[in-house]
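Structure record follows, encoded as structure tokens.
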């Protein structure tokens with residue numbers, strides 16, 4: 001190396017050293033400072049700074065009750081709020097109503113002795129906790145989980161349980177029962193009987209029958225007396241003289257929707273999906289309707305998988321909105337802008353966005369189309385326009401049999417009950433001239449009527465074939481009520497399905513047909529809806545839109561196409577299976593393109609058991625199935641039961657469960673030897689149960705035993721391994 005090159009290296013090294021010294025001067029030349037660690041609260045340490053500490057919130061708010069709710073659709077939350085309101089009214093006790101997902105449970109053992117905890121728990125799916133109650137259940141059932149006392153003991157802990165379930169499902173109220181069992185195991189004391197509501201019959205009646213006895217036991221256990229509270233409003237409703245029109249909610253569900261801000265489309269911000277195609281699926285639509293609707297999701301960011309559900313946000317029909325506006329004396333003020341403020345935000349949050357209008361609340365935000373509940377009628381009797389109307393409502397409130405005969409059998413909505421009580425003609429198109437006005441404060445309407453919820457439908461398409469389109473298959477609910485001395489027979493319409501039927505008619509430029517020949521628009525024509533949506537957001541030129549969001553499901557095909565698949569879906573229960581078959585068709589196309597015509601040779605058989613009335617009347621997607629079977633190279637086998645076309649030798653009807661029994665050898669082999677998967681979709685109360693019964697019989701006999709023992713054990717094992725999956729409704 002030369003001298004000049006050596007000096008260059010030394011100069012370069014010196015420069016690098018000086019640069020490094022400058023960059024790290026503080027670390028090199030400053031006095032050393034002690035390191036500070038972030039402050040973390042020790043386990044069991046409380047403080048108002050911890051938003052997940054319900055004990056401290058109770059103490060700061062002077063609340064003696066904490067009410068946890070496990071809710072998937074909002075019903076359990078509504079009952080939790082009702083319990084809190086009743087505790088306040090009866091005993092003057094304040095409550096903290098909690099979403100368990102937002103709190104920790106290590107300090108459950110710190111609940112003061114003069115306090116109590118309520119658990120209002122819905123059972124979801126196959127005996128699972130609702131999404132917001134998963135952590136709570138894990139804590140209660142995990143033997144290694146300890147409370148702040150270092151043990152799993154809850155001595156002196158007082159609690160109340162009300163479970164929400166449906167008896168048509170196998171695991172009826174299993175979560176409410178599990179909460180009760182775990183708390184008892186840890187030494188806690190239940191107040192009163194465990195309440196169980198059955199949505200298949202009447203959740204409301206079960207709640208009403210349970211709560212009176214529970215409150216009596218509660219008063220004794222807590223040392224309180226009824227009468228210490230009093231009636232008090234939950235909300236203050238005020239009319240706003242001036243408010244920027246563009247900031248008034250007219251049916252939008254969120255600020256994002258109001259301001260048209262781009263963002264994720266979900267339950268709080270549904271997407272107005274253009275209707276790309278819609279058609280009638282039944283061959284005789286005068287008697288019954290089934291709509292096929294294709295929703296365009298291109299550019300929305302919405303994705304879905306086969307087996308998912310689409311939530312459709314309907315509005316209430318025009319006639320019911322007009323009826324209740326007239327019954328409340330608000331017909332002339334329907335478009336007045338109102339503000340709503342919660343008088344106790346910890347107990348009752350304003351359930352929809354404000355400011356809004358009277359008409360908007362009744363059309364878009366509260367479920368005025370539901371059958372009127374018995375409890376609300378007692379409250380409304382105080383505002384009756386006559387002694388006769390007051391007595392009528394009081395009787396319905398206290399007499400369970402009369403309520404069932406008049407309201408439940410008559411399928412009376414709140415507006416109709418008020419009309420009947422006042423002696424108005426319920427059949428006439430409601431106007432302020434033929435409908436008696438009741439001086440009911442609007443805050444009671446906001447407090448007492450549940451929020452209008454989306455209606456969920458199984459998606460009947462596959463994203464593999466339709467990546468930018470969601471298909472919906474909707475049978476339109478329409479039936480006649482049971483008449484009584486007070487209420488004549490009338491047509492009853494499902495809100496969601498008739499909303500979609502209206503959209504189908506509008507999208508195709510069709511006119512809804514009359515049901516009968518009479519000229520009574522409120523009883524013989526299908527209900528109309530404000531399908532254009534708020535500020536015409538659901539109509540663009542001649543294109544109509546439906547507000548939707550996607551709800552994820554675990555109802556999925558096995559990933560391996562070699563596994564046999566058995567699908568049972570009579571009626572619209574076939575909807576998700578159309579998506580399943582399309583999923584396999586898409587995979588078959590790719591496989592054949594890659595591996596040649598014999599690519600499906602080792603695929604498992606796909607058996608679809610379908611049922612309807614007649615092959616020429618209500619056979620859904622009749623022309624599509626043969627095409628799918630051809631593409632699947634004979635792997636799709638379809639078994640059809642036409643209950644009013646083909647009969648057994650004794651004259652009785654043939655249903656899907658009969659076809660399953662006829663194919664028992666193949667089914668037993670597919671499940672036991674082929675490790676096949678079974679899917680059931682449709683009505684839960686009869687069909688699903690009868691299908692499971694025949695499956696248990698088939699599997700029990702195949703294993704050399706009985707349906708009750710070996711068959712039941714095999715079904716249990718299939719469910720545990722997610723090889724028997726249900727998507728059923730009551």
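Quick reminder: no glycine exception, Cβ is built from N, Cα and C everywhere.
Going by TrEMBL, these are the annotated features:
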- 71-76, 122-125, 164-173, 199: FMN binding site (BINDING)
- 288, 572, 643, 644, 653, 654, 655, 656, 657: NADP(+) binding site (BINDING)
- 455, 456, 457, 458, 473, 474, 475, 479, 494, 495, 496, 497, 729: FAD binding site (BINDING)
- 65-215: domain 'Flavodoxin-like' (DOMAIN)
- 268-541: domain 'FAD-binding FR-type' (DOMAIN)
Residues 455, 456, 457, 458, 473, 474, 475, 479, 494, 495, 496, 497, 729 binding FAD per the record - widest CA separation, whole Å: 22
Cα-Cα distance linking residue 643 (NADP(+) binding site) and residue 494 (FAD binding site), given in Å to the nearest integer: 25
Neighbour tally for residue 496 (FAD binding site), based on other Cβ positions within 10 Å of its Cβ: 20
Alpha-carbon distance [residue 655 (NADP(+) binding site); residue 172 (FMN binding site)] in Å: 26
PLDDT averaged over every residue in the domain 'FAD-binding FR-type' (268-541): 92
Closest of 74, 122, 125, 166 to residue 473 (FAD binding site), Cα positions, binding-site residues only: 125
Candidates 288, 643, 729 (binding-site residues) with Cα within 10 Å of residue 169 (FMN binding site): 729
Nearest of the binding-site residues (71, 455, 475, 496) to residue 655 (NADP(+) binding site) - Cα to Cα: 475
Minimum Cα separation from residue 496 (FAD binding site), reported as the residue among binding-site residues 71, 74, 125, 166, 643 that achieves it: 74
